[in-house]
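Chemist: Take a look at the following structure, please.
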Amino acid sequence: MSLRIENLSVHHGAIHAVNDISFTVPKGQLAALIGANGAGKTTLLRTLSGLTKSSHGTAHWNSLNLLQSKPENSVRNGVSHVSEGKSVIPELTVEENLEIGALWRRNRKEMIESKKSVIEIFPRLGERLSQRADTLSGGERQMLALSRSLMSKPELLLLDEPSLGLAPLVVEQIFQSIRELTTSMGITVLLVEQNAMGALKIADVGIVLNLGKVAVSGSASTLMADPQVRAAYLGY
Amino acid sequence: MFQILNTFLIGITSGSIYALMAISMVLVWRSTRVVNFAQAGMALLSTYFGYEVVNRFDSYWLALPVAMISGAVVAAFIELVFMRVLLKHSNSGPIASIAPIIATLGLLGLIKAFIGFFWGNQDVNIESPLSTVGFSIGTQTLSLSPMKLLILIAVSMLLLVLTFVFQKTNIGLALRASAYAPEISRLAGIKVDLVRTFGWALAGAAGGAAGMLQTANGNGALSPDSLEFSLLLAFGFIAAVIGGLDSLLGAVFGALLLGLVLAFVLTYVGGSLVFITAFVLLLVVLIVRPAGLISQKAGRRA
Ligand SMILES: Nc1ncnc2c1ncn2[C@@H]1O[C@H](COP(=O)(O)OP(=O)(O)OP(=O)(O)O)[C@@H](O)[C@H]1O
Ligand SMILES: [Mg+2]
């Protein structure tokens, strides 16, 4: 049971955005994927969820061939991707944003149960169920995007920069919730982050991308101690 | 005073039929971002199916749902085998943005030719199931006949059903989500392609109803080159644009407004100015409020 990526390459026209990447994330671990702007992090996640076509290599979640599976089918197999930016639908209410994550299960009862359990994790959403999503603050929207994803009961979560544009205190909160998901619910997480320090602090393993290639990888604590990584990516 | 009331009734009745057409334009626009000029042809074809039922079973009441169902099937078929392929292949290049629109015009011609081939180019007739003679109050005749009353009731019911489907059902939520944010919807597990086909089917059903009601409201004549259907398309489109093209509520509002304005122009100014008024109204809205009179974007923050 793991996320396995082997020799994966992705092109945007002539740009080789993901260049021969290989790594494995064992089940139940939180992996931080860090790297500078344009390193290929978003491209990698979009390829794993089936939004972008790969040009070479393989990627599997357990026995599911991620590169052959459309996003709407990957969700049905336990893989959920929260895309970059505050990934909510502003015209819908908070409750509707939650519900769309569980429509595919066609089970009213399970939907209500899932809603209850995500509201337990993020009580602020519970107080705002009938509000339109565009009335939420940035942090609340990020919580909503994460909750929508949880509504589909994922086993593997692909998160693209959940800390984007949030105040430090809110970032802390979101990171703690993500850590909780792995620890208490056993969800495997691939967390893409610009906030390298914050991400490595909560992660089990870290992968540093540079110009589409894996520059360094290893346990999160090793990476944080590595002087080269500190200088290049952690800024001290 | 009585004339004002009658003009109002005429406007509301024709406006409610435009509303069905406008709704079908909006549904297609929301699900695939295509302005579907073939909608007139699709509505016409469904109405011909309705005509067949009237002809064989002598029942308008059976023909109306048959026209709606066949409209849904035809629309779903067109989306599946035609538009889906077309949109996939025309996503780049200089004509990418207009190719689908041109294609719907081609489709319109194709459907008309098809109808001419099967039913001939002469008029056929659908008789009104109810009297088209207005109720009378004392010595005066009201511009509200049993048929017009049926139209108002039928359209109101269809609108209620549609509102219920959109606001209260899972498929309605999927339709709205897919229209606003297809990518997020796919990531949430919604089969957006399937939802699109369903959106087209709903549009086809609304078009079929519009065609049947319009024909019974007019002189009952039906032909491949029916002017009535071309007008229905034009007015439905204008109404949809007035309403912002993205909003079902806006489409209904635009259609009723258009129906009323045209009825008053017809009664108090003159028949020759009706079309001019319709297009002037369209231009004014496009210039003054290009997002439509009821704009959904208004409440939308970045
Ligand atoms: N749709 C696209 N078309 C063309 N080039 C693209 C596209 N998406 C990404 N790229 C290019 O691919 C490279 C990797 O981009 P990507 O968005 O994956 O980086 P990233 O690591 O997520 O960056 P950031 O931290 O800024 O989000 C960049 O050079 C980018 O310009
Ligand atoms: Mg990115």
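Glycine residues also receive a Cβ, built from the backbone N, Cα and C atoms like all the rest.
In case it's useful when we look at the structure, here is the feature table from TrEMBL:
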- B:6-27: transmembrane segment (TRANSMEM)
- B:60-83: transmembrane segment (TRANSMEM)
- B:95-119: transmembrane segment (TRANSMEM)
- B:149-166: transmembrane segment (TRANSMEM)
- B:194-214: transmembrane segment (TRANSMEM)
- B:226-245: transmembrane segment (TRANSMEM)
- B:252-269: transmembrane segment (TRANSMEM)
- B:275-294: transmembrane segment (TRANSMEM)
Chemist: Same-chain Cβ contacts of the transmembrane segment (B:95-119) under 8 Å, 6 or more residues past its ends?
Modeler: 32, 34-42, 44-45, 48, 51, 78, 82-83, 86-87, 224-225
Chemist: Under 8 Å between C-beta atoms and at least six residues away from its ends: which parts of the chain pack against the transmembrane segment (B:149-166)?
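Modeler: For the transmembrane segment (B:149-166), the far contacts come to 12-13, 16-17, 19-20, 23, 64, 129-130, 172, 175-176, 202, 206, 209, 213, 216-217, 248, 252.
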Chemist: Could you give the residue numbers and ranges of same-chain residues that sit at least 6 residues beyond the transmembrane segment (B:226-245) on either side and whose C-beta is under 8 angstroms from one of its C-beta atoms?
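Modeler: Same-chain residues near the transmembrane segment (B:226-245) but 6 or more away: 15, 17-26, 29, 35, 37, 39-41, 43-44, 47, 210-211, 214-215, 218, 251-255, 257-259, 262, 278-279, 281-282, 285-286, 291-296.
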Chemist: Can you name the far-off residues of the same chain, 6+ from the ends of the transmembrane segment (B:60-83), with a Cβ under 8 Å from a Cβ of it?
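Modeler: For the transmembrane segment (B:60-83), the nonlocal Cβ contacts are 32, 34, 38, 42-43, 45-47, 49-51, 53-54, 100, 103, 107, 126-129, 154, 196-198, 200-209, 211-213, 216.
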Chemist: Is the transmembrane segment (B:252-269) packed against any residues at least 6 beyond its ends, judged by a Cβ distance under 8 Å, and which are they?
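Modeler: Result: 3, 6-8, 10-19, 21-23, 159, 235-236, 238-243, 277-278, 281, 292-294.
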